[in-house]
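Novice: So that we are looking at the same thing, I have put the structure below in structure tokens.
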Amino acid sequence: MGCDRNCGLIAGAVIGAVLAMFGGILMPVGDMLIEKTIKKQVVLEDGTIAFQNWVKTGTEIYRQFWIFEVQNPQEVVVNSSRIKVKQRGPYTYRVRYLAKENITHDSESHTVSFVQPNGAIFEPSLSVGTENDTLTVLNLAVAAAPHLYPNAFVQVLLNSLIKKSKSSMFQKRTVRELLWGYKDPFLSLVPYPIPTTLGVFYPYNNTVDGVYTVFSGKDNVSQVAIIDTYKGKRNLSYWPSYCDMINGTDAASFPPFVEKTRVLRFFSSDICRSIYAVFGAEINLKGIPVYRFVLPSMAFASPLQNPDNHCFCTEKIISKNCTSYGVLDVGKCKEGKPVYISLPHFLHASPDIGEPIEGLSPNEDEHSTYLDVEPITGFTLRFAKRLQINILVKPAKKIEALKGLKRNYIVPILWLNETGTIGDDKAEKFRKQVTGKINLLGLVEIILLSVGVVMFVAFMISYCACRSKRVK
């Protein structure tokens, strides 16, 4: 009977060891199965989860606008006072609801080409007013005139047209006009053919962004969704040196198996450059663990703070010999117009940038840009892209509307918040197809390993105790 008991204890220990060993073996095998499945599903080709959501996003994306209304236009024109602004908004539009078009696969280069149609639908229920709300804002045409035409004789001619059209440094425009376009009275009097319709985003509706060519990841999943060319070019021709390179994806997704140490690089046609985000925190989004990557302050830092930014400083006067920071001159990709991009309310900008403007309140929570990325698949499940559009206004002695100015202004026109979050149904589907299976497999691995170890230890203790009694 003692022998039978010993045999039973040994058998139990063996079973425990086998279970533990099976659990240990299952872990790398399970990881391999997960990796194989993910690598298959993130490829941009017909039939994959990634391709289905890539062609047309199932997430509703909204673009909110806050417009800076000028409170003291006459004081600024006459006395060159600080510009007092008050933000009005949000005025909300649904965007990116159209599927990608002209999708073309190249099996040899493993790339996919496409264009992204643009469209904006006003959402009254998510807005503070209507598109017909009238605001006092900077006159885009008058402000840009001396920048585009620095010749004194030309400015004298332009001044006569500005006066004849009864235009000034500031104007009253509806929200719809400012955003999407209006026929400018001053430009309409220019006696030679030039575009006479202006708007911060004109033209937008019925236009396309692209052509983009991205890697499908078919032959190398670490390149999936990374942009190969934009409008047929690998460089933008806007910036000197490596600043001109197109790097990363379009931020909708990234190559899978994202680690916290990775720097996520992405290209934004809105700011005419590639930029990057770094890990900020772990977040739980609708039951899905995600990594939050944030746009760091160093992305818009001066070359003194971040030497990598030296090629983004293309002039010496406004930038105070490249010592100012927090704004980016994108005039070269805006047909020479004096357009500057920043974070909302000049967040992370040097004090001299915001000093001529009164009424700004930069706030990290409300004005920073972030991406919530599911680390296994690399899919962006929530994002907030926030940026501000500004116009440089300089004194001009030959233009009466601007001759009273005694300093340069970088005038904030508006800031936008483009957001998208995975919907509840999509989140549930994602949990079942990805997160749930991974968690279940991990749970089975842990249970097998734990039970096996416990059984082995328990039976070995019992066996040793039994042997001890027999010796006595």
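Using N, Cα and C of the backbone, Cβ positions are placed for all residues, glycine too.
Please treat TrEMBL annotations as automatic predictions, because they have not gone through curation.
Sharing the feature lines straight out of TrEMBL:
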TRANSMEM  7-29  transmembrane segment
DISULFID  C243-C311  disulfide bond
DISULFID  C272-C333  disulfide bond
DISULFID  C313-C322  disulfide bond
TRANSMEM  440-466  transmembrane segment
SITE      Y463  site 'Critical for TLR4-TLR6 dimerization and signaling'
CROSSLNK  K469  ubiquitin cross-link
CROSSLNK  K472  ubiquitin cross-link
Novice: For C311 (disulfide bond), what is the tally of other C-beta atoms lying within 10 angstroms of its C-beta?
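Specialist: So the number of other Cβ atoms within 10 Å of C311 (disulfide bond) is 13.
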Novice: Return the residues near C333 (disulfide bond) by Cβ distance under 8 Å, restricted to its own chain and a separation of at least 6 in sequence.
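Specialist: L236, Y238, C272 - these are the non-local Cβ neighbours of C333 (disulfide bond), listed in sequence order.
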Novice: Excluding near sequence neighbours, so keeping only residues 6 or more apart in the same chain, what lies with its CB under 8 A of C243 (disulfide bond)?
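Specialist: For C243 (disulfide bond), the qualifying residues are R273, N309, C311, F312.
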Novice: What residues, ordered by sequence, lie under 8 A Cβ-to-Cβ from C313 (disulfide bond) and sit at least six positions away in the same chain?
Specialist: S302, P303, S319, C322
